[in-house]
């Protein structure tokens, strides 16, 4: 090397100067971004207060068990509704929104009933027939038939119409796809009663059709739940296999990095090739079968996903997607073949670092545990907040009554002073919600709950990145490896991160959380504007979503490198982010050559593990492995455990490779810093290993040739 200096720096910032006292991560450091640390602690205190308030007002049983308009549970022992397990909605049209049904709070009167209606009746017809006694069981408790028809319907004492329904999750939903006695859907939906009269109920059926879509979705969810109950232990076995494969893959990389990388590349190509072959065989097998040529557009959405596997177009689409992936990977390999050889050297060095800091492989479990705590607190708080709404009753009067629109209690109203002041007034159900300050602030509390979840989750991820970066930086800046490596580098880095840099981590996580909550709000607004025909609004919303998506990706990249600089130098967030960005810009060619190529190789490793476990799960759950053919459980949808195993395998592989990725990024930044601080002479020796010195020769040669 001699006194040769790397000749490419660029124009961004000032390169680091030689410092004979610098030996790696600085131990004598101070607290950074203290104000952000204080803000985080105050926000956590407020978050706990919101949780306590939500737990005081909410009742998560409302999500599972139905409640009537007075907030009383249906079918619960020890209540007056003990023998009435089902919930009946007066006007199903108002329950047409899937969001309303998922929250189980339709803005219509609802009562507990012994059974759902099994016939079509209108209040007008039933009142003058022998079916009136049957009809009255679907009226409000204590209903008296001394009112006129208009008054009964006006006061909401009885539903205007009954239609045949079937219970699901203890709630009565219209059964609109049957033969006689049930509504039929067509250009105009009608019902033929026993007397030959036809009732036009198109509006009702439109609401019922939307509600029935949610009904079918819930049936699908119940079948999926049944599949999980019989296959959960096989799913766990599949995930354990994925974990063992990931760990074995990481261990082999330490000793056989070059061979493993090329084997991984070839295996991914073969796995994709087999997928293309299998799709082609299924496509050919279905040729000529009845119904196999139906297009996906004509078929529409089906809750039974097995229907799609009997269509040739499905397998053709799979084959095209896999072929495109195969071609892209092959082209990337052709154009990046020399850079892959360079990246292998960096992976070898990362393997040695992980080998000397082996406990780093277990750190993702800490991150996973902390994230589970964040998710559990967020989800429970969200459920309690969403079940805090109460049925609001208000006074209605057709005459001049000064109490109109004021809240009332339907149980005490008949004997109250209000009823004496306005004799013709009535206390009716108005809406779900509440008029207290807490209920008016529910939407804001939900937004705050989501924002705090993003902030804390990003903080947990940042803590993991700083901890791993500090441990691997200690390895790199040890002149004699591993003799100069400090004892317990991972625990030391974790302690430094919490003691000195909680504020900096909170600052970076806060910036990212703000962008993420803005994206959530944009998605919400986009859903609300879908029905609008304003093209400019749709175009503007699309542009904003795209811009904030790009901004989030950039901030994640900047934060990751800023955390590495924080772990090494102990500077505040803004200084670390600026130094990391300028360092990367001064070495942009090396960034493009090495960093992204290693990311691509790690992606191939994930695909290999996920593809192998996914194929094994496919053959097992479809009873195609003869040895264990009778062991596989019977399923409604065999794709449920297969998809779960695939997603779980990817998350497990991502957890292991994230440690490797953080190691590569840390060593890469340290490598660039080493090039700027030292020149390889005896007075200013490089801290890099012999493997990275070879990598330096190759990169300098490539730059010189270019």
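Every residue, even glycine, has its Cβ placed from backbone N, Cα and C.
Heads up, TrEMBL stuff is auto-annotated, nobody curated it.
The transmembrane segment annotation in TrEMBL falls on one of the ranges 169-189, 190-210, 211-231, 232-252, namely 232-252. Here TrEMBL gives transmembrane segment for one range in the set 315-336, 381-402, 403-424: that range is 315-336.
Note on TrEMBL: of 34-55, 56-77, the range annotated with the feature transmembrane segment is 34-55.
Of the listed segments 132-154, 500-522, 523-545, 661-683, TrEMBL assigns transmembrane segment to 500-522. Of the given residue ranges 284-311, 452-479, TrEMBL assigns the label transmembrane segment to 452-479. With a cut-off of 8 Å between Cβ atoms, the residues of this chain six or more beyond the transmembrane segment (315-336) that come close are 265, 268-269, 272-273, 275-276, 279-280, 282-283, 286, 296, 309, 597, 600, 604. Residues of the same chain lying 6 or more positions beyond the ends of the transmembrane segment (500-522) and with a Cβ under 8 Å from any Cβ of it are 29-40, 447, 450-451, 454-456, 458-459, 461-463, 466, 541, 544-545, 548-549, 551-552, 555-556, 559, 562-563, 566, 570, 572-574, 576-577. Remote same-chain partners of the transmembrane segment (259-277), defined as residues 6 or more beyond its termini with a Cβ less than 8 Å from a stretch Cβ, comprise 249, 252-253, 318-319, 322-323, 325-326, 329-330, 333, 340, 344, 347, 601, 604-605, 607-608, 611-612, 615.
Long-range contacts of the transmembrane segment (597-621) within the same chain, counting only residues at least 6 positions beyond its ends with a Cβ under 8 Å from a Cβ of the stretch, are 231, 234, 238, 241-242, 245-246, 249, 261, 264-265, 267-268, 271-272, 274-275, 329, 332, 336, 339-340, 342-343, 346-347, 628, 632, 635, 638, 641-642, 645-646, 649-650, 653-654, 657, 660-661, 664. Residues of the same chain lying 6 or more positions beyond the ends of the transmembrane segment (34-55) and with a Cβ under 8 Å from any Cβ of it are 377, 380-381, 384-385, 388, 438, 445, 448-449, 452, 455-456, 459, 502-504, 506-507, 510, 573.
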